[in-house]
């Protein structure tokens, strides 16, 4: 129940910020989050992408993208197929070579190998489920939790369930399935397990590539609630095609088109942007189709 | 909205302790089962086999057990780590030649030269790289460390460049071919095609004496059990879980902050060490090491045994290797010339119809029981979840 109120409160706030510039909204966000939740040990950092370019053999997939994701945000990246959303995430996580600058907090990410970027607290999921199907749920989480384990620890057997793994199991609601083979989980549960793996990995920036694709309505709701729980002490970036999901759970949106940022702002701002209507939605949207929740 | 919600932290705290119990319990049970299994295996190898088999058959079994040691390593590298090591003959050969060089020098006595060097007659004194092998303190560790060091160097290059799958298999096989060509080419110092033959003594004991042959068998059986214990520890450790994760999704592991190259490297190096040890013990058991025993064909035969037995299990590779080697001897005795075809057929059948090996049949039979148990547990978890949900509105 508590998420519901928090969410409608968040939604109610958005139209009020209509007139604000991006910068004031961002700085407000940065101050607000740590004080509200009193997080002391886990630092909240924002993501800052400046003029990032990725090209493959002459084809420029990402063409000078700059965006700022404030700490604690739930940022949705949307855009038509081929807009460069996944490639941008690939660049941030070190999977493809890119020029420009990507900073998380004060750490530059570009130029580091994938596993080092991951150790700085950047976690991602993929469009296809990439859990370890031959291992149990708890083994999946335990491996995710162990990125900094010494070889001596690795050589020993796991005894019981580590605290952070137990906590993640609760958060993602799979406590009762801890010993089940991950490959036998339902589709939605696999996605939650992926998110759980990012949590125990201590990722402070979560990059999720289409987390609700193929999910039922109930599973989408649950995933949204999970994202809101998670974003209390983390920054979340979601690539998503599902517009209903976006309207309900996005705190801010960046629209990419042909490798560039087309528009950025709240859901309402982006939906009202005529360029977005033209390019992304394919036709202008009349006022009546904006969900009533956004106007509250 | 409450249907399948990942429960928010406040509501789901209750069931956690109940669920953390089972793994440790089943861990205890599996340890007990392993202890019983090892005791059974030891009884079989140390009591039953020596009593039931003739000296000739026991010597053959010793040879099979050496092949089984290589199989344990392949089970780790290929079965758990996904690296199809088609060139384990290289490491087997390095270990075998290191041991044989020492034994040849020991046979020749202090200051002497191995017989074949005098035969080919081009050398006045021992080649420099033979000299350290005169000392057992160098030669014995070298049988294991040399293959491991070689695997480390090779693996560092190969895994960091993300060579895998068929490319890795072809590369490792090419290496086996290269080593054979090198050994044959350097006939004056390596014995060429003949290899190092006619090894008489083993640290002062005459290898022609059946009692000493029996002792060699016991050493081999003991080492095999020790390697199995090591493999078991490795498989059940966190590293073992991680290795399976790398096998199934290398990229994902990288995104979890591990370097998959070093994870694979460890398994590869361990497998190489096991193959080296097997080669070293093969020499006193059989009395010869030659290029024909370490080239492409034997390298593939190592893998066939593992595939037949079940590569991802602990015992599958061992039983498969022994069974295939035994079948080879038995069938070549009766129908000479047909074994090669049968072996090929066996491999095709296993790969096509039984990718998990014979162990998969065993697992299939067991899964029926486990499956029932698991579905029961699943239902009870669901019931508990329902109960929780019912509590939420009243709270």
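Note that Cβ sites are derived from N, Cα and C of the backbone, with glycine treated the same way.
These come from TrEMBL:
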type     : residues  : note
REGION   : B:1-28    : region 'Disordered'
TRANSMEM : B:34-53   : transmembrane segment
TRANSMEM : B:59-78   : transmembrane segment
TRANSMEM : B:85-103  : transmembrane segment
TRANSMEM : B:137-159 : transmembrane segment
TRANSMEM : B:166-185 : transmembrane segment
TRANSMEM : B:215-235 : transmembrane segment
TRANSMEM : B:265-290 : transmembrane segment
TRANSMEM : B:302-327 : transmembrane segment
TRANSMEM : B:339-365 : transmembrane segment
If you count CB pairs under 8 A between the transmembrane segment (B:34-53) and each of B:59-78, B:85-103, B:166-185, B:215-235, the winner is B:215-235
Spatial neighbours of the transmembrane segment (B:215-235) not adjacent in sequence (6+ beyond its ends, CB under 8 Å) are 34, 38, 41-42, 45-46, 49-50, 58-59, 61-62, 65-66, 68-69, 72-73, 75-76, 80, 202, 205, 207, 270, 274, 277, 281, 284-285, 314-315, 318
Among B:59-78, B:265-290, B:302-327, the stretch with the most Cβ pairs under 8 Å to the transmembrane segment (B:339-365) is B:302-327
The answer for the transmembrane segment (B:166-185), taking Cβ pairs under 8 Å and residues 6+ beyond its ends, is 83-90, 93, 97, 154, 158, 191-193, 195, 291, 294-296, 299-300
Within the same chain, the residues 6 or more beyond the ends of the transmembrane segment (B:265-290) and with Cβ under 8 Å of it are 59, 62-63, 66-70, 72-74, 76-77, 80-81, 83, 85, 88, 91-100, 103, 140, 143-148, 150-152, 155-156, 159, 191, 193-199, 202, 207, 213, 216-217, 219-220, 223, 227, 234, 239, 243, 302
